[in-house]
Amino acid sequence: MNLEDIRREYLLGGLNREDLLPNPIDQFNVWLEQAIASGVPDPTAMTLATVSKSGQPSQRIVLLKHLDQRGFVFFTNYRSHKAEDIAGNPCVSLHFPWHFMERQVKVQGEAVKISTAETLKYFLTRPRESQLAAWASEQSQRIDSRKALLSQFEAMKAKFTKGEIPLPDFWGGYVVKPQAIEFWQGGASRLHDRFLYCNENGSWQISRLAP
């Protein structure tokens with residue numbers, strides 16, 4: 001297979017310093033709203049990169065579920081591999097690949113657990129089947145078969161037949177508090193536009209980076 005000639009030009013337009021808002025969270029909100037309006041598939045899907053205690057990096061796609069001035073919130077099983085990595089090294093990276101708009105956003109920061117109250121508020125908005133799945137799946141653990149997973153799911157359905165499904169004590173959210181956010185816009189002739197926001201003593205500084 002020849003991969004060398006697979007390429008395309010980026011022609012949707014550039015990004016100028018004067019186009020950017022002073023706060024990167026506000027700027028991200030603008031781009032996210034534009035991605036949603038443009039029909040970008042799974043616009044809230046983001047790659048979460050973590051590093052284990054031994055220095056082994058791992059990546060997986062998770063969904064952005066809330067955004068505010070603290071940072072980027074996602075939810076997971078606290079016994080998962082990603083949670084183990086975060087417990088040993090809270091420094092993480094997020095990546096939003098909005099190919100359709102010739103844009104990408106990279107976030108570097110620290111992942112911190114959110115409160116149980118905030119987790120519960122979100123958990124109660126999830127479909128009942130998703131709540132049951134949180135109980136049924138021992139995330140990242142080896143299992144014998146899909147049949148075994150479905151059997152555990154049915155067992156949880158039988159256990160929680162009436163009323164609200166309680167929040168598992170091993171499931172919850174993290175907020176990634178950003179220290180740096182990069183906005184990338186594709187440009188012609190590979191002369192892409194890159195702007196980096198860095199948090200310096202509580203103030204956001206913006207720099208243009210070479211592509």
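The chain as shown is numbered from 1 upward.
Any Cβ shown, glycine's included, is placed from N, Cα and C.
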Suppose a student reads Swiss-Prot and sees ARG7, ARG8, GLU9, TYR10, TYR122, ARG126, SER130, ARG190, LEU191, HIS192 listed for substrate. Which of LYS53, LYS65 should they find annotated at that same site? LYS65
Same-site FMN binder from GLN27, GLN34, GLN104, GLN108, given that Swiss-Prot records ARG60, ILE61, VAL62, LEU63, LEU64, LYS65, PHE75, THR76, LYS82, GLN139, SER140, TRP184, ARG194: GLN104
Whole-number Å distance between the CA of ARG7 (substrate binding site) and the CA of TRP184 (FMN binding site)? 17
Close binding-site residues near LYS65 (substrate binding site), where close means Cα within 10 Å, chosen from PHE75, LYS82, GLN139, TRP184: PHE75
Determine the C-alpha span of the FMN site listed in the record, that is the greatest distance between any two of ARG60, ILE61, VAL62, LEU63, LEU64, LYS65, PHE75, THR76, LYS82, GLN104, GLN139, SER140, TRP184, ARG194, in Å to the nearest whole number. 36
Three-class DSSP assignment, GLU9 (substrate binding site), comes back as coil
With ARG60 (FMN binding site) as the reference Cα, tell me which of the binding-site residues GLU9, ARG126, ARG190, HIS192 is the closest one. ARG126
Largest CA-to-CA spread of substrate binders ARG7, ARG8, GLU9, TYR10, LYS65, TYR122, ARG126, SER130, ARG190, LEU191, HIS192, angstrom: 44
